[in-house]
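*Asks:* Okay, handing you the structure first.
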Amino acid sequence: MPRDLQEILAIAQSIGWGAAAILLDAQQTSFSIEQAGESPVTTADLAANQYILDNLQAALGVQDFAYLSEETFKSQPIADRLDRPWVWIIDPLDGTKDFINRTGEYAVHIALAHQGRPVLAIVACPEKDKLYYATLGGGAFVETRESETFHSQPVKVSTKNQPEELTIVASRSHRDDRFNQLMQQFPCKDQRQVGSVGGKIAAIVEQQADVYISLSGKSAPKDWDFAAPELILTEAGGKFTHFDGSPLHYNQEDVSQWGGILVSNGQCHEALCDRAVSLLAAIDQSQPF
Ligand SMILES: Nc1ncnc2c1ncn2[C@@H]1O[C@H](COP(=O)(O)O)[C@@H](OP(=O)(O)O)[C@H]1O
Ligand SMILES: [Mg+2]
């Protein structure tokens, strides 16, 4: 470990709050759309990205850490990050479509990964004035603030264990027919649409929901969508895997996370994964997508 993890956590928490303030300010004043389409980019993403990178690099340097960010990875030589043991994985604005549509459901994700797995994570939800954080083996917490005083409380997933009683959250804006069919046939009948992966994981660790499903289509979520939310969820006692139960790996050559991802409170994770696999097989057999 190049530095003490608790020292790094304090730096990342402060940067998470700072980035949240940039997004909130843009949402309440003005922002413009720099790139439209399936993966929109706004001036707010770019400002928050610059702020996060500048501050992390000022505090921690570029010697011991690589940086993989949604807004800069395309212009970055792959050798700058691949095979580096310590990599910051950053999504300065997750839930960009919700940000643009002003649903209030967007988040900042900052994760530190070691050998492709997250060891430290921040998910900030600016509109709720909450910041979730976790370190590997150290539990997950939600931080709130009153004036200049910060309060931290541990968060834990629910203990509900009947599939029919579980509340499931899923994307509002990334859904195709195949995914909609899977959701319609899934045993969890209380289904809610929530913007941003961080927001969905926050709902689960606050016990407002129990399950989240993501399924790639023509495109897939990326490392920065999942790395920070994953650690917060697992440190709160949940499970976050591919449909076949295998763990996610980050900072690979392809940063897309293809296939199905199931996130749950852990109570009937394997049964829900099996159900998703068998439902998808039947859907694919009945209708070639
Ligand atoms: N099928 C898919 N293809 C590409 N990106 C996806 C995706 N599903 C989710 N995502 C990404 O995951 C994040 C959360 O999406 P959602 O709010 O719909 O759940 C978004 O990140 P960004 O907002 O950072 O682009 C979105 O781009
Ligand atoms: Mg994202």
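Including glycine, each Cβ sits where the backbone N, Cα and C put it.
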*Asks:* According to TrEMBL, E70, D91, D94 bind Mg(2+) 1; so which of D225, D244, D254, D274 is the extra one listed there?
*Replies:* D225
*Asks:* May I have the list of same-chain residues other than E70, D91, D94, D225 whose Cβ is within 8 Å of the Cβ centroid of the recorded Mg(2+) 1 site, in sequence order?
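*Replies:* Other same-chain residues near the Mg(2+) 1 site: I90, P92, L93, H109, V197, K222, W224.
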*Asks:* So if I draw a 10 Å sphere around the Cβ of D91 (Mg(2+) 1 binding site), how many other Cβ atoms end up inside it?
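*Replies:* Step by step: centre on the Cβ of D91 (Mg(2+) 1 binding site), count other Cβ atoms within 10 Å, giving 33.
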*Asks:* Hey, which of the binding-site residues E70, D94, D225 is the loneliest by Cβ count within 10 Å?
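*Replies:* Checked E70, D94, D225; of these binding-site residues, fewest Cβ neighbours within 10 Å: E70.
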*Asks:* Identify, in sequence order, the residues in the chain of L93 (Mg(2+) 2 binding site) that are 6 or more apart from it along the sequence and have a CB within less than 8 Å of its CB; answer 'none' if there are none.
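*Replies:* In sequence order, L23, T42, A44, D45, A48, N49, F99, Y106, A107, V108 meet the Cβ cut-off.
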